[in-house]
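Beneath this line is the structure, given in structure tokens, with notes to follow.
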Amino acid sequence: MAFAETNPAASSLPNGDCGRPRARPGGNRVTVVLGAQWGDEGKGKVVDLLAQDADIVCRCQGGNNAGHTVVVDSVEYDFHLLPSGIINPNVTAFIGNGVVIHLPGLFEEAEKNVQKGKGLEGWEKRLIISDRAHIVFDFHQAADGIQEQQRQEQAGKNLGTTKKGIGPVYSSKAARSGLRMCDLVSDFDGFSERFKVLANQYKSIYPTLEIDIEGELQKLKGYMERIKPMVRDGVYFLYEALHGPPKKILVEGANAALLDIDFGTYPFVTSSNCTVGGVCTGLGMPPQNVGEVYGVVKAYTTRVGIGAFPTEQDNEIGELLQTRGREFGVTTGRKRRCGWLDLVLLKYAHMINGFTALALTKLDILDMFTEIKVGVAYKLDGEIIPHFPANQEVLNKVEVQYKTLPGWNTDISNARTFKELPVNAQNYVRFIEDELQIPVKWIGVGKSRESMIQLF
């Protein structure tokens with residue numbers, strides 16, 4: 001071979017690879033926290049725990065339709081678009097290309113949290129935004145509301161969206177008419193022209209929509225000045241973080257597995273991939289850099305809005321879970337529907353995400369029950385089905401097979417180790433582990449940081 005002649009050392013290389021460079025996976029691994037049910041599992045709390053010694057905390061998908069609550073020093077912070085890990089003053093927060101950003105919402109959220117306590121001081125210097133992230137405009141949000149109204153009028157039911165413009169902006173993205181952060185900060189004249197075209201498209205689709213185009217552009221110019229120092233090439237930033245000195249990088253998933261656009265209970269889902277694949281596409285990183293994948297599971301099941309919910313308890317049990325768990329959406333304030341834990345759903349979420357461990361939250365909400373049911377199988381026409389149905393009509397028809405476990409009927413909110421939990425509470429956790437074949441790493445028994453019991 002000519003190459004071998006010009007490179008005599010090549011012949012001594014193993015496998016006869018003639019000195020060709022070989023790509024080897026390397027670099028830091030990212031730790032991922034994902035919701036395993038329909039959202040509101042307590043992801044923010046797990047992220048808050050892990051963010052205490054993290055260097056970078058990332059958001060990879062969704063927008064300000066998510067809602068995370070974190071309590072630090074008795075101050076309750078609410079996050080929708082910002083990674084909740086930004087509460088740690090030593091953390092760099094990164095909003096990836098898969099996230100959709102409503103600029104007024106971003107600044108409003110930051111300013112509200114700054115007024116609550118010291119957790120967000122200096123946030124503007126600690127936030128990096130991918131230049132490839134798409135922008136949510138006010139008319140996307142207005143169109144979201146109109147679409148919901150139309151669904152209600154035409155079909156008698158809507159999707160129960162948060163009306164934050166998430167569906168419309170992802171539609172613009174897929175239609176290649178959306179605008180990104182790089183457009184805003186690089187060439188405002190070019191951005192303005194494209195904004196006018198997009199706004200006029202929306203006005204022609206929704207004749208009742210009123211858009212003050214010049215007024216909007218004036219506002220956006222003001223936001224552009226403020227946001228410009230935060231906008232960076234996200235792919236390059238993350239590559240440097242992965243391949244530079246050792247760093248702890250945390251990814252905070254928004255929404256949850258059963259709300260995923262592909263794998264969720266479609267059409268009652270969000271518009272992004274909130275399963276593990278969305279981490280790679282939403283940040284611009286290869287799958288071999290994904291390390292631990294933690295699934296966050298509430299000790300029972302909740303869902304906001306309409307859609308199939310096999311283990312729902314539309315009765316006193318559901319009401320007790322709702323009031324004890326204070327089940328109201330952080331983003332919408334809507335009451336959450338409540339039911340027993342569903343292991344069929346969790347096995348399905350695990351098939352997609354490959355959870356390495358679980359965080360089981362709000363176990364203390366079950367303190368009042370003398371017996372607790374867990375959904376272990378679905379039956380259709382009297383036969384057990386081995387999968388989680390994709391079709392909503394089919395999912396609505398399944399009959400859940402339950403396993404009844406004895407409750408502990410005692411307050412566990414002061415437990416700080418696994419051994420301090422009553423035996424029946426320990427058995428409940430072990431039953432979940434055995435059925436799912438995934439270890440439980442944390443158990444939540446209250447709202448504060450201290451009330452997360454770590455098992456290993």
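Cβ atoms here come from the backbone N, Cα and C positions, even for glycine.
Keep in mind the model is a prediction, meaning the values are calculated, not measured.
Listed ranges 1-24, 97-120, 265-288; the one Swiss-Prot annotates as region 'Disordered' is 1-24.
Looking only at other Cβ atoms within 10 Å, the busiest spot among the binding-site residues G39, G42 turns out to be G39.
Straight-line distance linking the Cα atoms of G39 (GTP binding site) and H68 (active site, proton donor), rounded to a whole number, equals 10 Å.
Between the candidate recorded positions, K45, H68, the densest Cβ environment within 10 Å is the one around K45. Counting only the Cα atoms, the space from G42 (GTP binding site) to H68 (active site, proton donor) is about 7 angstrom.
Cα of H68 (active site, proton donor) to Cα of D40 (active site, proton acceptor): a distance of 8 Å. According to its DSSP assignment, G39 (GTP binding site) is coil. DSSP assigns H68 (active site, proton donor) to a strand segment in the three-state reduction.
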